[in-house]
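Novice: Sharing the record's features from Swiss-Prot:
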type    : residues           : note
BINDING : 113, 117, 118, 119 : (6S)-5,6,7,8-tetrahydrofolate binding site
MOD_RES : 222                : N6-(pyridoxal phosphate)lysine
SITE    : 221                : site 'Plays an important role in substrate specificity'
């Protein structure tokens with residue numbers, strides 16, 4: 001069989017792009033060689049519909065062992081009692097939970113996408129906003145912070161069946177204990193989508209949702225530094241509150257409903273090569289090396305925020321607790337779109353992002369989102385964050401000066417030589 005030189009040439013170009021540039025997209029990271037090896041292994045050949053020990057195909061004895069390892073490691077890492085590691089993505093993990101606990105038209109209460117939430121938390125362009133009656137809470141215009149009392153007030157007014165917490169562009173920690181009290185007060189179930197801060201949560205650097213939330217979903221990439229995929233966790237299993245029973249008349253456990261919602265509900269065969277890579281990522285995340293890494297992510301992000309504040313930039317919420325910052329560029333007279341386009345010319349990759357109460361469209365935006373997981377994986381520390389802020393500031397001040405931007409691009413390329421990819 002002929003080698004597909006066209007595709008492999010493009011892969012090599014992408015390698016060069018990643019190797020020579022500054023990767024500051026908050027949802028991206030660089031996985032280890034052993035994770036890539038597992039993801040590209042012969043496990044991609046195997047079909048394994050069902051769960052370990054209960055498959056619809058033969059020859060699953062070995063993948064059963066692999067998936068069981070992934071499940072047990074996920075439970076150990078997050079101190080959970082139950083896990084399903086089959087979701088292909090965070091969005092599918094969220095869909096599986098919603099399909100398990102909601103009926104079309106049920107009310108959900110999520111964090112406003114325009115304030116830093118996620119599409120799958122009720123956005124009208126997403127299944128979550130099309131199948132369910134979506135309501136939202138957001139941040140305060142004065143502080144950029146979530147007002148938990150207001151969340152409680154909205155919940156009482158809306159009376160949702162499911163409350164969703166979690167974000168894609170919120171730089172602060174979450175009060176899961178307070179949210180559980182709100183959920184209990186209105187009789188709602190509580191879902192925490194920790195896709196972004198999962199790595200920090202797993203090692204105790206942020207509040208833990210597992211003791212308080214009925215369901216926890218996450219991606220396995222981002223701060224967890226694993227392969228692209230999703231996962232569902234529960235701190236404790238419980239009988240479903242909907243009266244759904246087994247053929248013997250016993251109430252089904254919530255884990256049974258969730259498993260069935262993943263398969264056959266929304267997926268067919270699981271990706272066992274990716275599940276193997278997830279298992280490796282979970283083991284890596286329990287190591288001392290990973291703890292030092294994720295602690296450095298938090299330190300780097302705080303330093304980066306300070307470096308931008310020093311240069312007159314407006315950090316939404318005034319700072320950061322996690323792995324990202326959201327910068328409101330309106331006082332700099334440049335849109336998020338223009339900033340993103342100028343920075344990519346300098347080999348600095350990040351994304352334009354809506355800021356709370358934005359007066360620009362989602363395709364233009366007034367802000368940029370910056371994350372440190374990928375550059376921290378490459379070995380960068382606080383002093384490097386100061387340099388990154390200086391480069392970004394320089395590009396934005398000279399966004400129409402092509403020669404200046406090209407000079408910065410070359411400087412960055414040379415600088416990155418000391419920080420090899422894993």
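Indices start at 1 and increase along the chain as displayed.
Here the Cβ of each residue, glycine as well, is placed from N, Cα and C on the backbone.
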Novice: In terms of DSSP three-state secondary structure, what is the assignment for residue 221 (site 'Plays an important role in substrate specificity')?
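Specialist: Note: residue 221 (site 'Plays an important role in substrate specificity') is coil by DSSP, not helix or strand.
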Novice: For residue 119 ((6S)-5,6,7,8-tetrahydrofolate binding site), what is the secondary structure state per DSSP, taken as helix, strand or coil?
Specialist: helix
Novice: Return the residues near residue 221 (site 'Plays an important role in substrate specificity') by Cβ distance under 8 Å, restricted to its own chain and a separation of at least 6 in sequence.
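Specialist: Sequence-distant Cβ neighbours: 27, 28, 29, 31, 227, 228, 229.
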Novice: Among the binding-site residues 113, 119, which residue has the fewest other Cβ atoms within 10 Å of its own Cβ?
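Specialist: Lowest Cβ count within 10 Å among the binding-site residues (113, 119) is 119.
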Novice: Do you know offhand how many angstrom separate residue 119 ((6S)-5,6,7,8-tetrahydrofolate binding site) and residue 222 (N6-(pyridoxal phosphate)lysine) by C-alpha?
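Specialist: Distance (Cα to Cα, whole Å): 17 Å.
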Novice: Cβ within 8 angstroms of the Cβ centroid of 113, 117, 118, 119: which residues besides those meet this for the (6S)-5,6,7,8-tetrahydrofolate site?
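Specialist: Filtered neighbour residues, in order: 110, 111, 112, 120, 121, 122, 123, 126, 167, 168.
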Novice: Among the recorded positions 118, 222, whose Cβ has the fewest other Cβ atoms within 10 Å?
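Specialist: Lowest Cβ count within 10 Å among the recorded positions (118, 222) is 118.
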Novice: Just how many other Cβ atoms lie inside 10 Å of the Cβ on residue 117 ((6S)-5,6,7,8-tetrahydrofolate binding site)?
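Specialist: Total other Cβ atoms inside 10 Å, all chains included: 24.
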Novice: Cα-Cα, whole number of Å: residue 118 ((6S)-5,6,7,8-tetrahydrofolate binding site) versus the residue listed as 'N6-(pyridoxal phosphate)lysine'?
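Specialist: Taking the Cα atoms only, residue 118 ((6S)-5,6,7,8-tetrahydrofolate binding site) lies 15 Å from the residue listed as 'N6-(pyridoxal phosphate)lysine'.
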Novice: Could you measure between residue 113 ((6S)-5,6,7,8-tetrahydrofolate binding site) and residue 222 (N6-(pyridoxal phosphate)lysine) for me? Cα positions, answer in whole angstrom.
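Specialist: Cα to Cα, residue 113 ((6S)-5,6,7,8-tetrahydrofolate binding site) and residue 222 (N6-(pyridoxal phosphate)lysine) are separated by 19 Å.
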